[in-house]
Amino acid sequence: MSDTVFVQLLDLACGALLLTAVLILWRRELTVIIRVFAIQGLALAVLVAVLAAHERSAELGAVAAGIAVLRAGALPYLLRRALAGHGEVRRETRPLVNVASSLLAAAILTMLAYAVSQPLIALAPSPATQAIPVGLTVALIGFFVLVTRRRALSQLVGFLLMDNGITTVGFLTTAGTGLAVELGVSLDVLLVVLVLQILTTRMRETFGDADLDELRELRDS
Amino acid sequence: MSAVGIVGGIVQPIVVLGGSPLLVGVMRQIRARLEGRAGAGILQPWRDLRKLLRKEPITPRGTSEVFRVAPLVLVATTLVVAVVTPFLTTSSALGPVADLFAVVALLALGTVALALAGLDTGTAFGGMGSSREMTIIALVEPTLLVAIFALSVRVGSTNLASIITSTVDDPARVISPVSLLAAVALVVVIVAETGRLPVDNPSTHLELTMVHEAMILEYAGPDLALVELASAMRLSVFLGLLANLFLPWGIATSAAPLAIGVGLLAWIVKVTLLGSLLAAGEVFLAKLRLFRVPELLAGSFLLALLAVAASFFLA
């Protein structure tokens, strides 16, 4: 693979990551959000695959395949099951910050990510490290979704978005954490989602809703 | 000022002036056919304009010069943009005016003039339309600037001619995250600015939804014809800008007659194609609630900002 093609593919994958993060913030329907999240997982897998092809590393290729299976297949599947489990409300109706304001907040977060990651890029300027702000932006937007949404499921998506961002930054900085480390992290994320899925199902069975602001008091039953 | 620029400066306004009502006609015809109606034919907007121009000019009692001058300002600013922006050729008749900021300011000036005229009538509808238009334009103008600015960062100049020339020299640039994000933002903004679905419905007079129509409700006769002509011209100018910023294929780089001919054909085909896509898309869309419009525009602003940010990130 020539250098220009590498840079272009890398940039396109990063662009897709950014775009999907923004779409998750923008849309209200949970089904659409989950579908966009799956596309983002795919973009992340493509990013790692491009890095793998550039480095000619089979290990990194395996990691890319693993990411594709986990983030574009398994996690969206689990989320969809959590959503379909009950006839729950399918929209994020009342986010703490309204959508227009949160989009503008995302613009500020992007600037912040760019400013913060300048010293990191200066350490070793290359096409891969220059994309670090993208990963950081995705992580920050994920955190923003996590703190401003009310439904347990959208908060879960926010958490996964943050994790996607962190993984992106990880791959862009070191061109691949070890296979073992990546496997461990992926397993952790999968476990978290499984546990949270069970938790949300339980919450809904007990309280009839998964709006976390309503859960203020402890009950016995 | 070069020979090719002068040719562009003469041909472009003529084509925009004569062709934009036809573009509107084509778009209406496509909508009509897709909705199962026969349609009035693509010449209908010109027939309407001719009818309106023959009528006696009247203005409502109590309106001032602002009301009378607004249609002229609207047409004049759009014509200047049509002269200077590189649609047909890569160089511009008046280089310094073909600047991103100048062009956007000229287009905004026309909108503001019309909004002032809406306020000047003193009627409930005019004021309501103007206030809605201002709500929309407050987010549209920065987005327009920022989206095109994203493209000018890598060129190092805000001159539209330089931006388009550099894209012609290096077509691979079109497939980059910067261009894609900016293109999406620009499409949303153009839809909002020209008052098409889902932001505004140009073919209704329903008081709950209208934006552009409410402002021009008091116009009649030749003034109305000018306003209608100007809004058709704005539509074709915006579509031409979109087409040439992202797909500048076929644009004339020299003053040879063949190059000019190819440039003219490519320009007309591109704009007609974009207009047809817009019209076909509108058939499947419902109008957005007015309160959701800022959300849409904030989203497109964020996309434009991300495009600028990405042009620094991924440089």
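The backbone N, Cα and C atoms fix where each Cβ goes, and this holds for glycine too.
Annotation source TrEMBL lists transmembrane segment at B:6-27 (among others).
Annotation comment: TrEMBL describes B:69-88 (among others) as transmembrane segment.
Residues or ranges marked as transmembrane segment by TrEMBL: B:100-122 (among others). Beyond the transmembrane segment (B:100-122), the same-chain residues lying 6 or more positions past its ends with a Cβ under 8 Å from any Cβ of the stretch are 60, 62-64, 66-67, 69-71, 73-74, 77-78, 80-81, 84-85, 129-130, 133-134, 137, 141, 144-145, 148-149, 152, 158-160, 163, 193, 214-218, 227, 230, 234, 237, 241.
Here the transmembrane segment (B:134-154) has long-range neighbours at 100-101, 104, 107-108, 111-112, 115, 160, 162-163, 166-167, 173, 178-179, 181-182, 185-186, 188-189, 192-193, 199, 211, 245, 293-294, 297-298, 300-301, 303-305, 307-308, 310-312, 315, meaning same-chain residues at least 6 beyond its ends whose C-beta is under 8 angstroms from one of its own. Among the features that TrEMBL reports, transmembrane segment is placed at B:134-154 (among others).
The transmembrane segment feature in TrEMBL is assigned to B:174-192 (among others).
What TrEMBL records for B:235-252 (among others) is transmembrane segment.
As annotated by TrEMBL, transmembrane segment applies to B:258-284 (among others).
Annotated transmembrane segment per TrEMBL: B:296-314 (among others), in sequence order.
In this chain, the transmembrane segment (B:69-88) lies in contact with the transmembrane segment (B:235-252); the count of Cβ pairs under 8 Å, excluding pairs fewer than 6 apart in sequence, is at least 3. Remote same-chain partners of the transmembrane segment (B:174-192), defined as residues 6 or more beyond its termini with a Cβ less than 8 Å from a stretch Cβ, comprise 136, 140, 143-144, 146-148, 150-151, 153-154, 167, 198-200, 238-239, 242, 245-247, 278, 293, 296-297, 299-301, 303-304, 306-307, 310-311, 314.
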